[in-house]
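J.: Sharing a structure, written as structure tokens. Questions coming.
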Amino acid sequence: MISSVKPTPSSFSATSTGARRSIPTKLQFSPLHITRSCHNQSFINSNVSHQKPLHISSAENLSSFKREVRVEAYEADRSRPLDINIELPDEQSAQKLKIGIYFATWWALNVVFNIYNKKVLNAFPYPWLTSTLSLACGSLMMLVSWATRIAEAPKTDLDFWKTLFPVAVAHTIGHVAATVSMSKVAVSFTHIIKSGEPAFSVLVSRFFLGETFPLPVYLSLLPIIGGCALAAVTELNFNMIGFMGAMISNLAFVFRNIFSKKGMKGKSVSGMNYYACLSMMSLLILTPFAIAVEGPKMWAAGWENAVSQQIGPNFVWWVVAQSVFYHLYNQVSYMSLDQISPLTFSIGNTMKRISVIVASIIIFHTPVQPVNALGAAIAILGTFLYSQAKM
């Protein structure tokens with residue numbers, strides 16, 4: 001309905017001499033339909049739409065009832081827009097770039113760590129001390145960062161450290177077992193066996209926690225188990241201690257993840273600080289066991305032998321590098337968990353193993369049979385299918 005504009009009779013008057021009085025500005029609006037009139041033909045031709053707001057172009061110089069009051073309409077969408085040039089960044093593209101940087105850094109640091117770790121273990125076959133140095137270096141780096149305010153120290157309480165303790169125990173076992181494995185077998189073989197971690201995750205969750213999974217998840221375990229078995233039986237330099245070390249590492253890291261999920265719900269500690277606290281507690285747990293298993297006398301003899309070889313000062317650099325890069329790659333992986341979903345992290349972890357296997361084979365000239373490579377490919381494919389099935 002269009003509101004028509006009608007001047008009230010009291011608003012207009014004329015004297016006997018025809019003199020005109022001034023027109024007051026008060027107007028009365030009534031919700032009447034506009035009717036056709038011969039005196040207002042020009043008004044009818046103005047093509048007024050009932051969907052458009054009205055605009056009074058002039059309310060002045062009205063002299064009589066027959067005086068034309070012209071009403072025009074304007075297009076609302078043709079009104080002049082605000083000239084505000086604000087460019088908003090594409091948040092989705094920025095997030096993808098950030099995740100890509102996390103993944104690239106994570107993979108690169110992991111590859112470098114595995115290379116230097118294997119070089120150290122070839123010259124200094126003491127995995128318990130090597131594992132201890134890795135945790136000690138990371139703990140020292142984070143303490144310095146907190147002391148110098150480079151990183152903000154976490155606010156923790158006694159309950160935090162209680163819930164962290166079982167996580168640290170599992171982390172310590174998994175870390176030492178993986179290092180023992182790499183001291184006995186090729187890096188590529190250790191990571192092929194460690195690609196079977198999803199199988200342990202499903203089995204532990206099923207039989208210890210009572211969780212059930214859809215059929216595709218169970219089916220995805222077949223290529224994982226089959227591929228790892230094929231790679232193991234065709235490994236040229238197979239070693240039982242190296243194989244069992246990788247398997248124990250898988251089991252320990254599965255329990256670490258379970259304890260971490262259960263104990264850290266609602267905790268407001270960042271991924272970087274969480275791993276720093278984990279490293280410190282693991283260091284306290286590991287140090288007495290490392291001394292008991294290997295001991296200072298063995299370390300001193302082994303260190304002297306390693307330094308006296310042709311590698312000389314390079315050995316010291318290798319020890320420092322493997323310790324620093326171990327902490328950095330784990331820190332980045334925990335930081336990435338703050339930005340991505342567990343599924344994306346799982347896929348990234350699978351791709352990380354591929355990069356480590358390929359890089360170690362190239363750098364260390366590891367002999368690989370075609371059937372061994374096929375087993376590795378099947379196991380890694382199964383890990384990828386597992387990630388998709390879990391979604």
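For all residues, glycine too, the Cβ spot is worked out from N, Cα and C.
What TrEMBL says about a protein is an automatic prediction, not a curated fact.
Because the structure is a prediction, the values reported are computed rather than measured.
Pulled these from TrEMBL:
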DOMAIN    97-387  domain 'Sugar phosphate transporter'
TRANSMEM  99-116  transmembrane segment
TRANSMEM  128-147  transmembrane segment
TRANSMEM  215-234  transmembrane segment
TRANSMEM  240-259  transmembrane segment
TRANSMEM  271-291  transmembrane segment
TRANSMEM  311-329  transmembrane segment
J.: Would the transmembrane segment (311-329) count as touching the transmembrane segment (99-116), if touching means at least three Cβ pairs under 8 Å and pairs must be 6 or more apart in sequence?
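T.: Taking Cβ pairs at least 6 residues apart, the transmembrane segment (99-116) and the transmembrane segment (311-329) are in contact, with 3 or more under 8 Å.
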J.: So which residues does the transmembrane segment (99-116) touch in its own chain, when a touch means Cβ under 8 Å and the partner is 6 or more beyond its ends?
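T.: Result: 182, 187, 191, 318, 321-322, 325-326, 328-329, 332-333, 335-336, 339-340, 344, 348, 351-352, 355-356, 359-360, 363.
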J.: Summarise the model's confidence over the domain 'Sugar phosphate transporter' (97-387) as a mean pLDDT value.
T.: 89
